[in-house]
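**Student:** Have a look at the structure that comes next, please.
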Amino acid sequence: MKSQFRHVALIGKYQAQGSRSALEDIAHFLGAQGCEVALEEDTARNTGLTQYPTLDAAGIGAQCDLALVVGGDGTMLGIGRLLAQFGVPVVGINQGRLGFITDIGFEHYQNTLAPMLRGEFEEDRRWMMQAKVVRDGHCVFRATAMNDVVVNRGATSGMVELRVEVDGRFVANQRADGLIIASPTGSTAYALSAGGPMLHPSIAGWVLVPIAPHTLSNRPIVLSDSGEVVIEIVAGRDASASFDQQSLATLLHGDRISVRRSEHQMRFLHPKGWSYFDTLRKKLHWNEGVA
């Protein structure tokens, strides 16, 4: 049986060693399954693979039934923010380190991907985050995130003081190195290493995690994602806000960072029988060494 997906876009971690040969191998495999293959424009330019049509994110959104991301979670985050608005489903083939959201190993991708192309898959939808920086009543920066929005102190400065509001209600003033607002997807990233809990992807919530707080009673808290979280810069030098650790806004005193749930979702496709708990067990090495 041929693929149910006619037009497939390939997006690669082109900086990685061996990425060109991996992408060529996958493209040939997709062609043998009856797919018409296009390469994302930066991937094509940086790998020298010129034998396939090239598309930007908007072109992928308009012309492709499926996007195949070959790389690590960072590669997925970068293209995911651009593709979510188009509703194109995404499959991740891992060539990175951890691979929470690029969960198909390259070494056995053909056996895993072939049934998925025939329609045998699990779909997993994740809400995006929409953020903006407001200065003197005017929006000076906008960004979308899949994992997290992080407010950080400057590299050579002391702690920042942050005023936190949820749905217009004052929560607390926090003195810390920073603060993370993470989605369920991002709860296994920076937020986890800062001591936050893991949120199951089905939970319509965020986790608010302080980074090295001055007060030990300042603990992570789980919030609904249906409202608005606002972080105001009260004190501290050279603060910044990052979005999935890939775009950055420089902040001034009085700036307010507003975070809401986006109207867009990422559509992840996983192999049939996929389980979030299988992913946690594998990636976090649970049960290893247990008799």
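In case you wondered, yes, glycine gets a Cβ from its N, Cα and C as well.
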**Student:** The NAD(+) site in Swiss-Prot lists Asp73, Gly74, Asn147, Asp148, Arg175, Asp177, Thr188, Ala189, Tyr190, Ala191, Leu192, Ser193, Ala212. Which one of Gln51, Gln95, Gln246 belongs there according to the record?
**Tutor:** Gln246
**Student:** For NAD(+), with binders Asp73, Gly74, Asn147, Asp148, Arg175, Asp177, Thr188, Ala189, Tyr190, Ala191, Leu192, Ser193, Ala212, Gln246, what's the maximum Cα separation in whole Å?
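**Tutor:** Greatest Cα-Cα span of the listed binding residues: 30 Å.
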